[in-house]
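For reference, TrEMBL has these:
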- Arg73, Glu140: substrate binding site (BINDING)
- Glu140, Asp167: Mg(2+) binding site (BINDING)
- 9-239: domain 'HpcH/HpaI aldolase/citrate lyase' (DOMAIN)
Amino acid sequence: MATSSVLRRALLYVPASSQKFMTKSLSLASDNITYDLEDSVTPANKQTARIQLRDHLSSLSNKPGSIGELAVRINAVSTPYALDDLTTLASAPNLDAIVIPKVNSASDLSFVTDVIRHAAPQRHSSDPTASPLKLIALIESARAVMDLRSICAASPYLTGLIFAAEDFALDLSITRTPGLAEFLYARSAIVTAARAFDLPSSIDLVCTSYKGPEGVKQLEEECQNGKEMGFNGKQCIHPSQVEVTQRMFAPAESEVEWYVRILVADDKASAAGRGAWTLDGKMIDAPVVGKARAVVAKAAKCGMDIENIKAKWKDQKPE
């Protein structure tokens, strides 16, 4: 399954119990909107929210161009609600992905995959032209962290892992601190597993602060910390967090310009048979060029004008 086009810098949760919030979400510019049937919906409202979400998705003639992906967070497989969530929504038009909470083992993903294959076979078929429903797994427990290898290999439709800090802290009876040091092992394990199994998304914990300058500062610091650890996206709980999060997880303009210069010069170096060379006094070899290609490709997905930057540096030569 091709997943290289998946971009999830921000994954914004929107309660499916609120028609007002779902309608408003369509005007946002976000890589991902995840309509929530789990934590934000009380048991008494699960059925109503489920039907309301199905009707909301069915009412759209097309997905808004400012939104990269529409997803739903179903209820955990261990609850009485998950099966109805899947059978009701798997065939819904405009639905791109399913976020599965409290994934503790490979069997949770196998269950979801099997249900979709029966409830919406057109979305999980072997036809290479099909548009399969992508799966994203929430890692929320010590058991899940210990079982990441089998979880990552459980379904061919898995395209990302999400770290749920609050539930993980509850499971381990630990307290979240501003420095997030208590989550270092789990977060590192998640990004490493995602990379090892070629999953395009590793999505970091929620920032619970979002109001005022201090909230923005905390969000920026958490985004930078997550990016440095290897995460390429972050969960958001308020629309105001999306712009900051997507900016922080996009390559910086100066970084993109540097890597474009490398690619332009590398074409000339390759033509001259040079495997290693220098630029601005720094050695450039195959791993650096590989990083340059990855960063420039991501920048293009983020909407940066790569061709214009290439034109600016078209005469760049290797030193």
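Count begins at 1; order follows the chain as displayed.
Cβ from N, Cα, C; glycine included.
Summarising the environment of Glu140 (substrate binding site), the number of other Cβ atoms within 10 Å of its Cβ, over all protein chains shown, is 24.
Close to Arg73 (substrate binding site) in the fold, though at least 6 residues off in sequence, lie Tyr13, Thr34, Tyr35, Asp36, Leu37, Glu38, Ile98, Val99, Ile100, Pro101, Leu138, each with a CB less than 8 Å from its CB.
When pLDDT is averaged over the domain 'HpcH/HpaI aldolase/citrate lyase' (9-239), the result is 96. Cα-Cα distance from Glu140 (substrate binding site) to Asp167 (Mg(2+) binding site): 5 Å (rounded to the nearest whole number). Sequence-distant neighbours of Asp167 (Mg(2+) binding site) (same chain, 6+ residues apart, CB-CB distance under 8 A): Lys102, Glu140, Ser141.
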